[in-house]
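Take a look at the structure below.
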């Protein structure tokens with residue numbers, strides 16, 4: 001499978017899983033009426049609308065702010081898609097696909113509802129992590145894969161596999 005196809009499939013899969021999960025939690029499971037749902041002493045499913053980006057940074061409280069975030073997200077997706085189109089390494093393509101799919105999932109939320117739907121909340125004692133969704137997880141996984149590639153690529157002194165998996 002070529003890097004482009006792999007990245008495209010990863011983006012599609014991340015987008016579909018994210019949107020299906022959000023639709024199911026909101027419209028079928030009715031998380032808004034049930035929240036919070038404790039799955040473990042350290043993990044809850046809750047329902048939050050985030051008008052900003054990670055950690056609620058750059059909260060878009062106005063319509064103009066919302067559309068600026070949408071435009072910046074779509075521009076980033078365009079740049080990442082160009083990078084994916086040129087990628088010759090499957091790990092990089094997979095990483096970019098995850099980031100693109102996650103970014104598209106959150107962009108759809110912001111366009112349709114003005115904010116991103118977040119559900120997953122980890123906490124231990126007084127420590128708590130931010131509330132996130134599957135799109136956020138895909139973006140983080142993609143960034144982690146890019147970091148892995150940076151440390152294992154030819155530039156780092158280790159031959160990277162080509163599109164057939166040969167070093």
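Every residue, even glycine, has its Cβ placed from backbone N, Cα and C.
Annotation comment: Swiss-Prot describes 118 (among others) as active site. Under the three-state DSSP scheme, residue 118 (active site) falls in the strand class. Every protein chain shown contributes to the tally, and the Cβ of residue 118 (active site) ends up with 21 other Cβ atoms within 10 Å.
Cβ neighbour count for residue 136 (active site) (all protein chains, 10 Å cutoff from its Cβ): 22. In the three-state DSSP assignment, the secondary structure recorded for residue 136 (active site) is helix. According to Swiss-Prot, the feature active site maps to 136 (among others), an assignment based on sequence analysis.
The annotation transmembrane segment is assigned in Swiss-Prot to 67-87 (among others) on the grounds of sequence analysis.
Positions annotated as transmembrane segment by Swiss-Prot, on the basis of sequence analysis: 91-111 (among others).
Swiss-Prot lists 127-147 (among others) with the feature transmembrane segment. Note on the transmembrane segment (127-147): residues 14-15, 17-18, 21-22, 46, 48, 50, 54-56, 91-92, 94-106, 109, 116-121 of its chain, located 6 or more positions outside it, place their CB under 8 angstroms from a CB of the stretch.
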Problem set entry | Cα distance (Å, whole number) from residue 136 (active site) to residue 118 (active site) | 9
